[in-house]
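Q: Pasting a structure below so you can have a look.
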Amino acid sequence: MSFNKEVEHYDLVSLEAVKPADISHGPSPVLKASDVPPLRTNGMARLAQMSLLSAHGEMFRLRKGSGEGKTDMKAVKRRKDDMVDGLMQMHKGNFDKNAVEMIWGDGKFTGPKTIEVTDLEGTKRVLKADVIIVCTGSRAIINDIPGLKEADPLTHVELLDREELPSHLIVLGGGYIALEMSQAMRRLGSAVTVLEHNERILQQEDADITAMLKDILDAEGVQILTSTSINKVSKSGQSVTLKGTKSGQPFQITGSHVLCATGRLPNNQNIGLEEAGINLDSKGFVVVDEWNRATTDGVFAVGDCAGSPNFTHVAYDDFRIVREYLTGKQGPSDRRSGRQVPFTLFTDPELAHIGLREHEATAKGLEYRLTKLPMAASLRTRTLGETEGFAKALISADDDTILGFTALGAGVGDLLPVVQLAMKRGLPYTDIADLVITHPTLSEGLVALFGAVPPRS
Ligand SMILES: Cc1cc2nc3c(=O)[nH]c(=O)nc-3n(C[C@H](O)[C@H](O)[C@H](O)COP(=O)(O)OP(=O)(O)OC[C@H]3O[C@@H](n4cnc5c(N)ncnc54)[C@H](O)[C@@H]3O)c2cc1C
Ligand SMILES: NC(=O)c1ccc[n+]([C@@H]2O[C@H](COP(=O)([O-])OP(=O)(O)OC[C@H]3O[C@@H](n4cnc5c(N)ncnc54)[C@H](O)[C@@H]3O)[C@@H](O)[C@H]2O)c1
């Protein structure tokens, strides 16, 4: 049996209002790019920051004028390319500093511990090594729906490479990529419709979270249609039509583009893995043990290709596991399966999560206490003017350890580490409630949240 008591009051911190007189609206300055200081959030200067954000928008020439549909997508793409190039230069610099040779090309196993690389000019090179780490990542699934492949569907890669805004983007799937991309494209000026075959978007999350996220996206004009399955796609000129069912009834929609965001497949096919003794599981992931060792001695697999939760920080942790193994550091035997897997969905507001969800605790028959507060209880959200959302935590009914934490709100991804540390160390929630946390920061809301846990019965 599980029981949960929601705490509705949230007057544990004083909710002093931001007085209009505190906020001065000066004339907007005319700024040159060189005048624009780096973006930074500094307390009550939120409005000044908004003004700067606007100036940055002009600086990057993201707008052709004011208003919807005026986004300069060439500038958006240029900005994205610049960011990616900057990251690549950073990595390349690190490789150079550490005397790591970088070869651009397609690699495949041609024998045990032997890889053949075909470079961009088609030249082949054979490499042998004592240790090989497979890190081939994943790619978007393009479903086998009749007509879909012929309709030139976009994945996030093509979408982010476009220099023109889709007039009506139809998004297949209602998961991470769908929601992040849908909100971004809607804000840039596209009409957006999300088609999810489950009853809810982000089905793995608790219903209160998905309901509020859906409301937030709805309010921005992202149309979300759930219980919607597509069985035929056809393209005609500049438009694409998807047919299927919605809640069992015939359904049809026409838009300008389709984005496939229905999950990912590992890049493990036709690269000689099985021939080299590296087993794949039924979903095509490299089979690995707690140390990320594949089934051939000296071969490891990390990240998406190894079936690890699809997050960059998890892929990085896989690398750390391999490094620990190779450097002889002894770790716990559940180094891979026992680690925390936090995530942040980068919609605005963000969705951050770690540990157990309510429905998971209930399914396990775990008793828990629930504390749940609106984000407005955190004063920082008021100074930011972003009070939407709520945070909740599950506390063990038997002791005071934290079982899980979920928050939907501005900047909530940055709240995770404090909670994670307490969970990792098995600390009681009161250790967070008792912290003296800087006012007014988002983290201060954790004191209110964990200060409102119902007592043990
Ligand atoms: C749109 C999108 C947004 C995301 N946002 C986030 C986020 O905000 N936070 C987060 O934590 N995670 C995010 N993820 C997930 C994250 O990107 C992945 O989990 C992570 O990149 C996995 O790292 P990886 O090294 O396993 O694979 P990848 O990053 O996919 O890298 C694999 C590399 O191997 C190359 N490769 C593949 N096969 C071969 C071959 N045969 N020979 C040579 N090279 C090969 C590929 O070209 C690629 O460069 C996002 C994913 C997507 C698609
Ligand atoms: N912020 C982040 O950390 C971030 C952002 C983007 C992606 N990612 C990672 O990348 C992974 C892949 O993202 P994704 O969005 O492609 O997959 P996903 O698994 O998150 O979501 C896929 C969604 O598509 C739905 N779906 C599947 N087939 C469908 C169909 N035929 N018709 C309608 N709906 C269908 C599923 O029910 C699900 O809701 C994520 O699971 C996540 O791990 C992380």
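Note: Cβ is positioned from N, Cα and C throughout, glycine not excepted.
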Q: For the FAD site that TrEMBL assigns to Gly107, Thr136, Gly137, Ser138, which of the candidates Asp297, Asp304, Asp317 is also assigned?
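A: Looking at Asp297, Asp304, Asp317, the one TrEMBL places in the FAD site next to Gly107, Thr136, Gly137, Ser138 is Asp304.
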Q: Based on TrEMBL, name the residue from Glu158, Glu196, Glu275 that is recorded for the same NAD(+) site as Gly173, Gly174, Gly175, Tyr176, Ile177, Ala178, Leu179, Glu180, Gly263.
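A: Site partner of Gly173, Gly174, Gly175, Tyr176, Ile177, Ala178, Leu179, Glu180, Gly263 for NAD(+), according to TrEMBL: Glu196.
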Q: Can you name the residues of this chain that are 6 or more positions from Gly173 (NAD(+) binding site) yet have a C-beta less than 8 Å from its C-beta?
A: Val194, Leu195, Glu196, Cys260, Ala261, Thr262, Gly263
Q: Per DSSP, what is the residue count of the domain 'Pyridine nucleotide-disulphide oxidoreductase dimerisation' (341-447) in each of helix, strand and coil?
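A: Secondary-structure breakdown of the domain 'Pyridine nucleotide-disulphide oxidoreductase dimerisation' (341-447): 37 helix, 33 strand, 37 coil.
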Q: Listed NAD(+)-binding residues Gly173, Gly174, Gly175, Tyr176, Ile177, Ala178, Leu179, Glu180, Glu196, Gly263 - what's their greatest C-alpha to C-alpha distance in Å?
A: 14
Q: Which residues in the same chain, at least 6 apart in sequence, have a Cβ under 8 Å from the Cβ of Ser138 (FAD binding site)?
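A: Arg264, Leu265, Pro266, Asn267, Asp304, Cys305, Asn310 - these are the non-local Cβ neighbours of Ser138 (FAD binding site), listed in sequence order.
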Q: Cα distance, His439 (active site, proton acceptor) to Thr136 (FAD binding site), nearest Å?
A: 44
Q: What's the longest C-alpha separation between any two of Gly107, Thr136, Gly137, Ser138, Asp304, the listed FAD-binding residues, in angstrom?
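A: Max span of the FAD binding residues, Cα based, is 17 Å.
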Q: Do me a favour and check the Cα-Cα span between Gly137 (FAD binding site) and Ile177 (NAD(+) binding site); whole Å is fine.
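A: Cα to Cα, Gly137 (FAD binding site) and Ile177 (NAD(+) binding site) are separated by 16 Å.
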